[in-house]
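Data first, discussion second: the structure below is written as C-alpha cells.
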Amino acid sequence: MPQAERRERILDGILQESIRETQKMKFAVKAWSKGGRARVGLLQLSSTSSSFAQGGPPEKEIEIETPALLLTTRKGLPAFISPDHLSSLPNPDSRLLQFSPMHFMEGPNSKTISAIGGVHQLLGLHEYGFVAVPRDSILSLPECNSSNKNGASFETPCGRFLVKPVEYMKMISSMKPDLWVSLADEVHASVTTKRNKASVDRTIKWLDDCISLKSTDGALFGSIVGGCSIEERQRCAQEVAKRNVSGFYIGGFGLGDSVDERATLLHAVTDLLPKEKPRHVCGLGLPEEVLQGIAAGIDLFDSTYIYHLTLGGFALVFPLDGKCKHVSDPGLSAMASDGTKINLKATIYRKDASRIVDGCICYTCQNHTKAYINHLLNVHEMLAHILLEIHNTHHYLSFFGVIREAITEGRFEELRQNFIEKRRDHLFAASLSACELETPVRLRA
C-alpha cells in the first residue's frame, strides 16, 4: 500500500475513536488574559476502572483547573512523598501524576501490569489521573544520537534503550493512563538542520503509528518537536494539528536551547494550534519559565524542578502575591538564598526556629522549623527530603493558583512583570554583595 494512502486511511479511520476518546477527556477555556495568550481552562477526566465489573472502584471524575502542574513521579509516585501523604497536598490541584513508561523497564513487566489492571490498580491510586510521557528529566532522558528511523533512544538507570512505536504502544496499552503522549524524537539544540528535519519527520510518522496501534481509552497528546527552528516547529505543529488528537505535547525544550528564544518558538507553535485543545510542555520548570510558557498559551507543565530542588536541600520561599509572605534576611548570603529559594543545608539555619514560609499551611510549615530540617539534611535523614518535597510541591501548586486568579482578574501581565523585575533586582543585589565580600580578600592578598 502506498505511504500516502496508508496515511489517509489512518486519518479517516480514527474519527470515531477520537470522538469516544474526547468523552473521556474534556477541556474548555474559561478565561483569557487581558490582551494576551494566557488562559484559564478546565480539564475533566473520567474513566471506569478495568476492575469495575469485578466489584472494583467505579467511574472516577477529576477536574483540574489550568494552567496546572503535573507532579513528576518515579514509577507513578513522587520521589519522596508516600501515598498516605498525597492527600495533604492541595486538592484537586495535585491529582495529575506524570510518569514515563520507561521507568517500568525494571520491575513489573507490561504483561504483569496489564493483568493487574494498569497503573491505577498497581498503585492503588484510583482517584488520581496519570499522564504517560516518554521523556522526563530524572530517569528517562532522550538520547538523540542513538535514535534512528525505527525508534527513539532513551538513557535510563537500566541502560540505553531503543523504543519502537510498537513496543511503546504495548506499554501504554498495559498501563492504561488517562492521558498519554505519542513517541517523539526530541533532539538537542546543537544538532544539524538535516538531523532536526529528520526528527520532525520521524515524530509525525510515529504519531501515525501510535494512532494505528492505539488500543486504550486514554486521551492522546500529539508530540510537536523541531528544535530551535521556527520553520520546523511550525511544520510539525501543522501536521500534528491535522490529526484527531485530544491535545498537544510541545517537546524539545530544556535540551540546550536558549531561554531568550523560547518565547518566539512557543508563540510560533501555539498560534497554529486549535484553541479548544490543551497544550502540555516539557522542560520549563523555573517560575520565570512557567510564566513565559503561560504567556504563550501553555496549559500543563511538568515538575522536575521540584524534585531537583528537594534533592539539593532547597525550599521555595518566593512571595505568592501576598498570600504567603517570606521576610528576607539581609544577612543571608547568595549561597543561602536567591530570593526564590533558600538552601536549608546552610549553617545560618542551624538555630533558626522559624517556619520555612510564614503563613504557609503545608504539613511541613505547620509542624517543623528550618533548624529541624537543617539538622535532618546534615545527618542525611530521608525525612528531610520528604518534608521538603511536601512544602515545595504545596508552594508551587499555590503559585499556579495565584497565576490562574491573576489571569481571571485581568492582571496576569502585571504579575509576570513584577515577578521578573523583583527576581532581577534580587540577583543584582546578590552580585553586589558577593563583590563586597570578595574585595577585602583581594586587598589582603
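Counting starts with 1 at the first residue shown.
Backbone N, Cα and C define each Cβ position, glycine as well.
Please treat TrEMBL annotations as automatic predictions, because they have not gone through curation.
Feature annotations, reproduced from TrEMBL:
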type	residues	note
DOMAIN	38-424	domain 'tRNA-guanine(15) transglycosylase-like'
BINDING	Cys360, Cys362, Cys365, His391	Zn(2+) binding site
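Locations of recorded TrEMBL features on the structure.
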residue: Cys360; record: Zn(2+) binding site; Cβ within 10 Å: 22
residue: Cys362; record: Zn(2+) binding site; Cβ within 10 Å: 23
residue: Cys365; record: Zn(2+) binding site; Cβ within 10 Å: 23
residue: His391; record: Zn(2+) binding site; Cβ within 10 Å: 27
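Mean pLDDT for the domain 'tRNA-guanine(15) transglycosylase-like' (38-424) in this predicted model: 90.
In sequence order, Arg355, Ile356, Val357, Ile361, Tyr363, Thr364, Gln366, Ile390, His394, His395 are the residues of the same chain, not among Cys360, Cys362, Cys365, His391, whose CB sits within 8 A of the CB centroid for the Zn(2+) site.
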